[in-house]
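Taken verbatim from TrEMBL:
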type	residues	note
DOMAIN	61-166	domain 'THUMP'
BINDING	MET184, LEU185, HIS209, PHE210, ARG266, GLY288, GLN297	ATP binding site
Amino acid sequence: MITYDRILIRYGEISTKGRNRNLFVDKLRRSIKRVLHDFPNIKIEAQRDRMFILLNGENSEEIVECLQGIFGIQSYSPAIKVGKDIDEMKEAALALFRKVYREGNTFKITAKRADKDFSLDTGEINQTFGSHILVNIPDLKVDVKKPDINIVVEVRKEACYLSCENYKGAGGLPAGSSGKAMLMLSGGIDSPVAGYLSMKRGIEIEAVHFYSPPFTSERSKQKVIDLAKKLSRISGGVALHIVPFTEIQQLIQKQVPDNYTMTSTRRMMMRITDEIRKKYDGLAIVTGESLGQVASQTMESMYAINDVISTPVLRPLITMDKGDIIDIAHEIDTHDISIRPFEDCCTVFVPSSPKTKPKLEKVQHFESFTDFEPYIAEAVEKTEKLIIKPNTLIDEEIENLF
Ligand code: ATP
Ligand code: MG
């Protein structure tokens, strides 16, 4: 039986990105290589507007499966390359048809002719190939509207490509093609989803987590590591910065009235995250905030918190309903980790009645009696950086933390 010798990858958005195209294609090539590292014989051949994965005997079905989650791919099809000899093309098309045909299936031919010098035009290709298949398969019917099998015959300058299955890709932009941002990663449901969505648009993520020992336990840290591990599957690795936050939280408790501690805590988190961003050349901060969910996520609250930095804060979930966020959390397999019942630094110190509409001038006033600067510098200084890989054990590194 005839076998596919390649997979045709269509870029979609990338091909419209002008001068950046080379970068996009290069990042996509890397993503594919990483995901397909278990298939040593494949080769990648990138062109301006498409890419081929040359299988060299590797299993096309397994590879089709692996390509599903890769950002930057619009669609893909297993294909067969043949020379531009019409008889050879016809035989190959028939062989491909036999490979996928089940009794009762209808079919059509879709001709694509990029090579305008080819001796047959698209109508003639449809005719020639259609009738060749029809005479060879008894009782076969054509259905041009909704065929079970659509044999695509694509004639290019260098060769002809035959395919008949088209898979939808994950869309988005290739991992790491849009620059770096710091993801504020809590142990909750939302921030991993925000991380995932920003990675989908090509952002390279470094996660920042605030941790308050002994009020938060090793297990809650492990939870964040596990979440980062899920995200790392997209990019092959994610840096996770773990910030010791106990001292600052205790200071806030002491200096700021109870109903403003939450606002102040968030402001300190932002300041520290921004310092870490500077250190690692990030261009933005990503949070899991969604408008109106909790006290810290009203418009007034975001206004008062955002005031401490001028760096862009990206909030991919801002307009989303909780149910939709949860659906994505299930899809990306972070939900069950997020609902593990471990304490977060913010829940430990949560005030009994946080201001839902904090005033910027007030929080500024309350903070003005304390010089937080040295504490922030110390927290940044003591921040631990872990590199989280999809499947490596890093228990040893965890052991040595702090
Ligand atoms: P999540 O489900 O992501 O925890 P949430 O609905 O619980 O979000 P908040 O607790 O108000 O909302 O947190 C808002 C955002 O602030 C989070 O999505 C996250 O980006 C950031 N954040 C909160 N706590 C932490 C933390 N301990 N470390 C790092 N970032 C945090
Ligand atoms: Mg939370």
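In case you wondered, yes, glycine gets a Cβ from its N, Cα and C as well.
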Margin query: On the three-state reduction of DSSP, what should I expect for PHE210 (ATP binding site)?
Written below: strand
Check: Among the binding-site residues MET184, LEU185, whose Cβ has the fewest other Cβ atoms within 10 Å?
Finding: MET184
Check: According to DSSP, does GLY288 (ATP binding site) fall in a helix, a strand, or coil?
Finding: coil
Check: How far apart, in angstrom, are the most distant Cα atoms among the ATP-binding residues MET184, LEU185, HIS209, PHE210, ARG266, GLY288, GLN297?
Finding: 18
Item checked: The one of HIS209, PHE210, GLY288 whose CB sees the fewest other CB atoms within 10 Å, among these binding-site residues -> GLY288
Note to self: As a quick check of your reading of DSSP, tell me how many residues in the domain 'THUMP' (61-166) are helical, how many are strand and how many are coil.
What the structure shows: 37 helix, 31 strand, 38 coil
Item checked: List of residues, in chain order, with Cβ under 8 A from that of ARG266 (ATP binding site) and at least 6 apart -> SER296, SER301, ILE305
Margin query: Check the DSSP secondary structure of ARG266 (ATP binding site), expressed as helix, strand or coil.
Written below: helix
Check: Which of these binding-site residues (HIS209, PHE210, ARG266) have a C-beta closer than 6 Å to some atom of ligand 1?
Finding: HIS209, PHE210
Note to self: Filtering MET184, LEU185, HIS209, PHE210, ARG266, GLY288 (binding-site residues) by proximity to ligand 2: which pass a Cβ cutoff of under 6 Å to any of its atoms?
What the structure shows: none
Notebook entry, point to check: Helix, strand or coil: which one is LEU185 (ATP binding site) in, per DSSP?
Noted result: coil
Note to self: If I take every residue in the domain 'THUMP' (61-166) and average their pLDDT values, what number comes out?
What the structure shows: 96
Notebook entry, point to check: With every protein chain in view, how many other Cβ atoms are within 10 Å of the Cβ of GLN297 (ATP binding site)?
Noted result: 21
